Amino acid sequence: MLLASACGGGNDESSGGTSTGGALEGRGPINFATGKDTSGNLTNQVAAWNSQHPDEKVTVSELPESADQQRAQMISNAQNKSDAFSVLNMDVVWTAEFAANRWVTELQPSEFPDLGKLLPSTVDTAKYRDKLYGIPVTSDGGLLYYRKDLLDKAGLQPPKTWEEMVTACTKVKALPEGKNIGCYSGQFEKYEGLTVNFSEAVNGAGGVVVGDDGKPNVDTPEALAGLTALTEGFKTGFIPKAAITYKEEEGRRAFQEGNLLFHRNWPYVYAKAQAKDGSSKIAGKFAVAPLPGQTGAGVSTLGGHNYAISEFAKNKATAADFMKFMSSEERQKANIEKTSQAPTWASLYDDPTLNKQFPYLAPLKASIESAKSRPKVVKYGDVTTAIQEAAYGALTGTMTPKDALAGLQTKLSSLITQ
Amino acid sequence: MTVVAEKAPRVIDVKAAEAPWYRRWLPLIGVAVIVLYCLVPFFWMVVSSLRRPADQFDNSIIPSPISLDNFKDVFKSGTGFQRGLLNSLIVAGTVTVLTLVIGMVAAYTLARLEFRGKNFVLAIIIVTSMFPGISLVIPLKKLFVNIDWINTYQAMIVPSLSFALPLAVWLLTAFFRQMPRELEQAAMVDGCTPAQAFRKVILPLAAPGVFTTAIITFIAAWNEFLIALSMVNKKEYQTANVVISQFTGASGRDQPFGSQMAAGVVVTIPLVIAVLLFQRRIVAGLTAGGVK
Amino acid sequence: MSTTAPVAERPTPETTKKPKRQTSFNEGTGRLAALLLSPTMIVLILVVGLPILAALRESLYTSGQQIDESGFIVQGSKFVGLDNYTAIFSGETGTRFWNAFYNTTFFTVACVVLETVLGVMMALVMHKAFRGRGIVRASILVPWAIPTVVSALLWKWIFQADGIANEMLGTQILWSTEGWQSVLSVIVADTWKTAPFIGLLVLAGLQTIPTDVYEAAKVDGASVWQTFTRITMPLVKPALLVAVLFRILDTLRIFDLPFVLVGPNKESVETLSILAYLEANQTRYGPAAAYATLLFIYVAVVAYVFVKLLGADVFGDAIQRKTKKNGRNGRGRGKQTDPGAPVAGLTAGGGLGGE
């Protein structure tokens with residue numbers, strides 16, 4: 001029934017998951033394909049490697065800025081069975097797709113002794129069907145940014161639940177300083193960020209999008225409570241109308257302009273909002289807390305990047321060493337010092353000097369440790385589109401939250417069983 | 001006829017003098033409207049590029065203080081933007097030259113020779129420019145991988161002909177057909193071969209059309225993004241558009257809008273100046289050639 | 001010398017030249033034409049023909065859609081006949097397809113009409129303006145010379161929730177949300193960028209009209225409007241029609257602007273190209289190729305209809321011969337009451353030939 005691919009070969013090489021563990025052979029120059037080096041620090045990191053390994057130099061291929069295009073280039077590289085890319089810097093949500101297509105090499109955990117020192121939730125993102133395909137190098141978790149000055153004035157503690165957040169805002173709005181402030185925003189434009197925010201709302205209410213058994217289970221009262229909190233937020237004005245167009249940057253701007261009391265965003269916002277060059281009106285006036293849930297602590301959605309080895313690469317032994325090097329404590333420390341990217345090395349979060357430099361590390365660690373991965377499905381793109389479709393529909397009021405979730409459940413069931 | 005030609009200027013002058021004020025001012029107002037229409041969004045682009053990165057989100061009409069930080073960012077070492085500009089120039093320039101050379105021959109043939117299946121040929125040429133670009137790139141990329149063309153200039157130039165050539169052939173055909181046939185006939189009576197007639201008579205006359213086609217082709221090739229993105233992943237060969245798409249802010253999430261706008265300005269202005277200089281020269285050449 | 005004389009004589013075409021032309025231009029023209037056209041055809045076959053065939057073939061296969069028991073994608077591709085096509089028209093996908101089809105059509109009609117009107121106006125002004133000509137020429141090139149990627153970003157910026165558009169209008173319109181506003185933003189941005197394309201082409205057409213044609217019209221007392229409809233339009237029509245045709249072809253494949261400005265998966269602005277892109281992005285190359293093929297067919301049909309309805313003189317010569325006998329009635333005698341004939345005569349192949 002199935003015609004063998006005309007290009008053949010592919011099957012034979014990679015058949016038998018057993019052979020892959022021993023297949024990390026060959027040393028020599030390799031190529032590292034990554035999204036644009038935004039911090040400029042990658043050059044330093046790679047230079048550190050290259051100075052120690054003159055015969056196994058790493059060259060960097062910078063891919064376009066958009067994650068979609070990075071993925072597309074990596075896929076086309078794999079489909080051409082090209083050895084141009086050796087190590088891939090992959091978004092955590094791509095793991096399943098790349099692993100299932102055998103575009104990345106399976107790794108033996110025994111070869112990476114330091115895995116145990118990384119935050120377990122981050123290592124989990126590199127697994128597909130319990131096999132390891134990547135090494136987490138950076139992570140990301142959602143944080144609640146709040147206006148400490150205003151909460152202090154109202155005599156309030158940072159909210160632990162959604163309910164507390166709503167009352168806190170009412171109280172702050174009663175203050176003369178807080179009269180015109182918007183209450184809360186996350187990322188609600190129809191894109192990946194909406195999947196993240198929707199999942200957090202659902203998980204924070206005790207629901208799931210996809211259960212631990214891998215089956216979608218989103219048509220539940222818990223999930224409904226989570227989604228309804230958001231839709232009610234829009235209806236009552238707790239979430240400003242414009243937030244439906246917010247991605248990370250628009251939200252950050254609104255927060256920095258002093259237009260938001262609470263704002264859900266990633267750690268990168270901290271440095272920007274703290275900037276003293278006049279770009280932020282709230283420098284020194286805000287603080288960070290873990291995300292609030294419906295009844296207790298919230299659950300963040302896990303972001304971050306894993307390094308993986310392209311199936312078609314040469315010099316895989318060098319590639320594996322490079323990944324160990326980049327995920328090492330020393331390198332990760334050097335990286336956070338320069339970039340504020342969340343590390344995966346657990347003990348770094350407890351480093352006192354780092355904590356001084358980055359006061360958000362403690363809540364961030366809590367956020368990442370309890371964070372949930374997005375569904376690990378091969379057709380992740382379809383799944384996230386379906387989630388966005390449902391969430392956007394509910395938020396813009398074109399369907400009721402109940403219908404949206406029921407529709408999503410049906411859709412996900414058909415997508416995930418295949 | 002000659003009488004008319006001599007009289008004509010006077011007629012116009014008289015009319016212009018007698019014309020009510022709005023007649024005289026209308027063109028000028030029109031000019032102003034067009035200029036505003038075209039330039040206001042561009043002005044916004046320039047203004048945005050001249051803000052300090054910290055004031056990026058300001059909506060004031062004049063940035064204060066004016067800052068060149070965004071431009072510095074664009075040209076700082078490591079962005080590869082200069083190289084990108086050069087690559088864009090190489091690719092778009094080669095595409096334009098190739099297109100004009102190949103296309104002019106075809107267009108002149110189509111405009112002047114009588115042969116069976118001419119409309120069929122025209123139809124085929126236009127059909128080729130109807131396929132969505134994204135679907136052309138994928139098979140072409142497979143081919144180029146096989147013949148080892150990835151990361152070469154030709155891998156960007158040759159596929160660009162797919163949209164440039166049909167456009168140029170059609171435009172040139174239309175322009176050539178506007179040329180009266182008597183021109184070549186007269187030239188051939190004077191002893192020119194058809195090729196000479198084309199080169200010495202038609203080409204100078206068709207210059208505005210040819211030049212317009214050249215601009216259009218060049219800009220289309222200059223704006224091309226998908227092919228350049230797909231066929232090349234080495235910095236040395238990336239065109240300016242691809243480089244711009246890779247500008248990022250300090251965190252990867254923030255979009256460095258200011259430097260993207262600065263890069264846009266840098267990409268746009270030289271192009272406009274170049275076209276203007278060329279155009280003046282061509283127009284001058286035309287008048288010298290005796291066409292009024 | 002020899003160049004100027006015929007130009008001056010153009011307004012009085014001779015009708016007796018046709019036989020002569022055919023003898024002088026037709027000797028062995030078949031083979032000559034084939035020879036001269038071969039470079040173009042070879043290039044187009046290589047860079048367009050072969051990929052189209054590859055895509056057509058692709059559209060009949062699926063691959064990578066099945067997962068085996070250990071979680072791996074089943075390799076190889078499967079011949080599915082027209083399944084990819086029928087899938088497009090069924091159920092939810094069908095609704096989405098027809099929505100995209102409608103959007104594509106709407107964008108094309110709205111943008112092309114606006115651009116044509118604006119473009120022609122621009123060309124006329126540029127042609128008439130003696131002062132400020134350089135500035136207009138420079139400024140008209142600007143929108144168009146800005147790379148599409150950058151101009152999409154620029155408009156996105158302008159149409160932000162707190163952007164300059166809202167500030168100037170004093171509104172709080174959320175341009176990137178579903179609804180008329182997102183459609184409008186795409187149309188505004190597209191028109192801004194490409195009306196100059198038409199303007200420039202029409203201007204080139206205008207510049208090839210000899211001034212004595214206008215002078216003759218003036219002498220005959222033709223009004224401005226008559227001059228425009230009876231002389232200018234027919235004379236620039238070939239260039240204009242080609243420009244419009246290519247704008248139609250382009251706009252039918254519109255992708256960047258709605259994608260960047262408004263975003264993917266937005267019902268109001270989803271076009272056929274976006275659907276094809278999204279499918280390819282999900283590595284469903286078969287369905288993506290099927291979408292591309294359908295779009296291709298649609299574009300071809302539209303182009304065919306356009307050429308048949310309006311564009312007799314896009315192809316030029318056929319009608320030229322038929323109507324040439326009317327040529328004499330043409331230019332400069334706008335008041336003449338032979339309805340249709342003057343226009344038809346002028347229309348023919350630019351009307352200048354008068355072979």
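From the backbone N, Cα and C atoms, a Cβ is placed for every residue, glycine too.
Please treat TrEMBL annotations as automatic predictions, because they have not gone through curation.
Residues or ranges marked as domain 'ABC transmembrane type-1' in TrEMBL: B:85-278.
As annotated by TrEMBL, transmembrane segment applies to B:25-47 (among others).
Feature annotation from TrEMBL assigns transmembrane segment to B:85-108 (among others). Counting residues 6+ beyond its ends, the transmembrane segment (B:85-108) has Cβ neighbours under 8 Å at 125, 153, 156-157, 160-161, 164-165, 168-173, 175-176, 198, 202, 210, 213-214, 217-218, 221-222, 224, 228, 236-241, 266-267 in the same chain.
Long-range contacts of the transmembrane segment (B:120-140) within the same chain: residues 106, 110, 159, 162-163, 165-167, 169-170, 173, 226-227, 230-231, each at least 6 residues beyond the stretch ends and with a Cβ under 8 Å from a Cβ of the stretch. Annotated transmembrane segment per TrEMBL: B:120-140 (among others), in sequence order.
Residues annotated as transmembrane segment in TrEMBL: B:152-176 (among others). Listed as Cβ neighbours of the transmembrane segment (B:152-176) (distance under 8 Å, sequence separation of 6 or more from its ends, same chain) are residues 87, 90-91, 94-96, 98-100, 102-104, 106-108, 110-112, 122, 125-126, 128-129, 133, 136-137, 140, 144, 202, 206, 208-210, 212-213, 216-217, 220-221, 224, 227-228, 231-232, 237, 239.
Among residues of the same chain six or more beyond the transmembrane segment (B:197-222), those with a C-beta under 8 A of the stretch's C-beta atoms are 88, 91-93, 95-96, 99-100, 103-104, 108, 160, 163-164, 167-168, 171-172, 174-176, 178-179, 183-184, 186-188, 267, 271, 275, 278-279, 282-283, 285-286, 289, 291. Taken from TrEMBL, the feature transmembrane segment applies to B:197-222 (among others).
As annotated by TrEMBL, transmembrane segment applies to B:257-278 (among others). Among residues of the same chain six or more beyond the transmembrane segment (B:257-278), those with a C-beta under 8 A of the stretch's C-beta atoms are 42, 45-46, 48-49, 51, 53, 56, 69-71, 73-74, 81, 85, 88, 211, 215, 219, 222, 240-241, 243-244, 247.
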